[in-house]
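Quick notes on the structure that follows.
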Amino acid sequence: MTMTLHTKASGMALLHQIQGNELETLNRPQLKIPLERPLGEVYVDGSKPAVYNYPEGAAYDFNAAAAASAPVYGQSGLAYGSGSEAAAFGANGLGGFPPLNSVSPSPLVLLHPPPQLSPFLHPHGQQVPYYLENEPSGYAVREAGPPAFYRPTSDNRRQSGRERLASTGDKGSMAMESAKETRYCAVCNDYASGYHYGVWSCEGCKAFFKRSIQGHNDYMCPATNQCTIDKNRRKSCQACRLRKCYEVGMMKGGIRKDRRGGRMLKHKRQRDEGEGRNEVGSSGDVRASNLWPSPLLIKHTKKNSPALSLTADQMVSALLEAEPPIIYSDYDPSRPFSEASMMGLLTNLADRELVHMINWAKRVPGFVDLSLHDQVHLLECAWLEILMIGLVWRSMEHPGKLLFAPNLLLDRNQGKCVEGMVEIFDMLLATSSRFRMMNLQGEEFVCLKSIILLNSGVYTFLSSTLKSLEEKDHIHRVLDKITDTLIHLMAKAGLSLQQQHRRLAQLLLILSHIRHMSNKGMEHLYNMKCKNVVPLYDLLLEMLDAHRLHAPANRGGAPMEEMNQSQLATTGSTSAHSLQAYYITEEAGAFPTTV
C-alpha cells in the first residue's frame with residue numbers, strides 16, 4: 001500500500017506515526033531531540049532506494065508522493081498546522097505526544113542521538129538504519145549505508161594504518177638522526193666531529209693525536225700521570241692526554257674500512273639506508289649493531305690457539321701443573337723482628353717468588369700467544385695481586401696467621417713492628433677467612449689466579465696498533481674459557497644452577513678486594529723504599545716502578561711521592577726492557593732456581 005503526503009501536517013503526522021510504532025516495537029523510551037538546523041544540512045547522500053517493506057508486507061513509496069507534496073521544512077521558516085489539526089493529532093494518541101502548537105517554536109523531531117539513525121526492524125530481525133532528508137523536491141525516507149556512519153571502510157582502515165606507520169617511521173628516523181648527531185669524544189667528552197683513529201673524537205683530540213704520532217711525543221706529566229682529561233682541562237697535560245688517547249683505543253691504523261671520501265660515502269650511506277628501510281618489514285629483527293657501522297673488524301688471528309681448544313678438565317690440569325714450587329724464607333728464629341729485618345725477609349721472599357711467577361705465567365694457557373710486550377705489561381700490573389692471593393690461599397688452614405713461607409708464619413701482633421703493616425695484615429686475614437668460609441678448592445684457586453693475571457691490564461694496553469685489539473680479543477676469549485671452567489667445577493661438585501651463579505659471583509667479588517689490597521701494599525712498599533728502610537732487589541724494584549706507572553690514580557699519596565715523579569718516570573721507562581731481559585735469561589735456562 002502506498003501513502004501520499006498531501007500537506008505538511010499530514011506528513012508530520014506520518015513521521016510521528018512511524019516513530020511511535022518504532023518506539024512501541026522496541027519498547028524504548030521516547031526521545032525528543034531539538035533540530036538545530038535543517039535536516040538537509042545534517043544528512044548527506046540521498047541516492048539510496050526509497051521503498052521500505054514493513055513486516056506486514058505493506059509498501060510505502062515516498063518517492064512517488066514526494067513530487068506532489070511540499071517540503072516539511074523550508075529554508076526561510078517553519079509553518080505548523082492549524083490548532084484543530086494539532087488537537088486531532090494529539091487526540092489520536094499517536095505515541096502520546098503533546099500537540100505541536102503547545103511546545104516552543106523550535107520543532108521537535110523524534111530521532112535518535114547522533115548519528116541520528118532510526119533502526120527499524122527487518123523481518124529477519126536485523127536493524128537497518130534510515131535517515132530523513134529535506135530536499136527541495138520533497139520529503140523522503142532513505143536507507144543509510146552503515147559503513148558511512150558506523151565504521152570506516154577497509155580502504156580507509158588501510159590508509160589510516162599507512163599514515164600511522166608513516167608518522168611512526170618519521171618519528172623513529174628523526175630520533176635516529178638525533179642520536180647520530182650526539183656522539184661524544186671518547187677522550188675529552190666534547191662533541192665528536194667524526195670517527196678518527198679508531199674512536200669517535202673531536203677535532204682537537206684528533207689533531208693532538210695526529211701531531212703526537214707524527215712528531216716527538218716525549219711528554220712529561222708534572223704530577224702523578226693521572227691528570228683529569230675533559231673538555232676544559234684537556235690542554236693542561238699533554239702526557240696524560242696522550243695516555244688517555246691510547247687507553248680509549250686510538251691508533252695510527254684505526255681508519256674505517258668504508259672511508260672513500262665524503263661524497264661517495266654519503267651516497268653509499270643514503271643508498272644503504274634506503275635498502276634497509278625496504279627490508280625492515282621482511283627481516284623482522286633489526287639489531288642494534290646494524291644501526292652504526294662497526295668501528296673495526298677484529299680478525300681472530302689466534303683462533304687456532306691451543307688454549308681455546310682445551311676442555312674444562314684439561315684447563316684445570318694445565319693450571320695445576322703450572323703452579324710454582326714452594327719457596328722457603330731466610331728467617332732465623334733466634335733473631336727478634338725489627339722493621340728492617342721483617343721488611344728484608346718479605347722483600348727477599350717476594351723477589352724470589354717473582355722469578356718463579358714469570359715461569360708460571362708462561363705456562364698459563366693462552367698467555368704465551370700474546371706478544372712479549374703484552375706479556376710484560378700483564379705481569380707488571382698483576383704481580384702483587386698474584387703474590388697476595390697465593391699468600392691468602394696458603395693461610396687458609398691457619399686462622400689468624402699468615403703463612404708467607406713454610407718456615408715463616410706471622411700473626412697480627414708481629415706485623416705491628418712495621419709501620420702501616422697492620423692494616424694490610426687485617427685485610428689479608430679477612431680474605432683468608434672468607435676463603436675458608438667458602439671452602440675454596442685448589443682447582444678454583446688456580447682459576448682465580450689466572451683470571452687475575454689476564455684481567456689485570458687488559459684495559460690499559462698502550463699499544464697503538466691493530467694488533468693490540470687482537471690481543472685484547474684473545475685475552476677475553478681465554479678469560480671466558482677459564483670462567484667456563486670455574487662453572488664446570490661447581491657443576492661437577494653437585495651445585496644447582498642458582499648456587500653456581502651465586503658462588504661464581506662471590507669468587508669474582510673477592511678479586512676486587514684483592515686488587516684493593518694490592519694497591520695498599522704497593523703504596524706501603526713505595527713508602528718503605530722512599531724512607532730507605534730496606535734496599536729493594538732489582539726485579540722487585542723494576543716491577544714496583546712499572547706498576548705505579550700503569551696503576552690508577554693514587555689516593556692520598558705522600559708528598560715525597562710528588563718529589564720523585566721524574567725519577568720514577570725515568571726508572572719506569574726501562575722497566576719493560578729489564579723484565580724482558582729476565583724473560584730472555586729464563587729462556588736460556590740461566591734463571592736461578594733457588595727454593
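Yeah, the Cβs are placed from backbone N, Cα and C, and that goes for glycine too.
For reference, Swiss-Prot has these:
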- 185-250: DNA-binding region (DNA_BIND)
- E353, R394, H524: 17beta-estradiol binding site (BINDING)
- 257-269: compositional bias 'Basic residues' (COMPBIAS)
- 311-547: domain 'NR LBD' (DOMAIN)
- C447: S-palmitoyl cysteine (LIPID)
- S104: phosphoserine (MOD_RES)
- S106: phosphoserine (MOD_RES)
- S118: phosphoserine (MOD_RES)
- S167: phosphoserine (MOD_RES)
- R260: asymmetric dimethylarginine (MOD_RES)
- 1-184: region 'Modulating (transactivation AF-1)' (REGION)
- 35-174: region 'Interaction with DDX5' (REGION)
- 35-47: region 'Required for interaction with NCOA1' (REGION)
- 149-173: region 'Disordered' (REGION)
- 185-310: region 'Mediates interaction with DNTTIP2' (REGION)
- 251-310: region 'Hinge' (REGION)
- 257-287: region 'Disordered' (REGION)
- 262-595: region 'Interaction with AKAP13' (REGION)
- 264-595: region 'Self-association' (REGION)
- 311-595: region 'Transactivation AF-2' (REGION)
- 185-205: zinc finger (ZN_FING)
- 221-245: zinc finger (ZN_FING)
Cα distance, the residue listed as 'S-palmitoyl cysteine' to R394 (17beta-estradiol binding site), nearest Å? 16
Max Cα-Cα distance in Å among E353, R394, H524, the residues listed as binding 17beta-estradiol? 22
Over the DNA-binding region (185-250), work out the mean pLDDT and round it to an integer. 87
Around C447 (S-palmitoyl cysteine), how many other CB atoms lie within 10 A of its CB? 23
Rounded to the nearest Å - Cα separation of C447 (S-palmitoyl cysteine) and H524 (17beta-estradiol binding site): 28
Can you break down the zinc finger (221-245) into helix, strand and coil residue counts using DSSP? 8 helix, 0 strand, 17 coil
For H524 (17beta-estradiol binding site), which residues in the same chain are close in space, meaning a Cβ under 8 Å from its Cβ, but six or more apart along the sequence? G420, M421, I424
Within 10 Å of each Cβ, count the other Cβ atoms and name the one among the binding-site residues E353, R394 with the highest count. E353
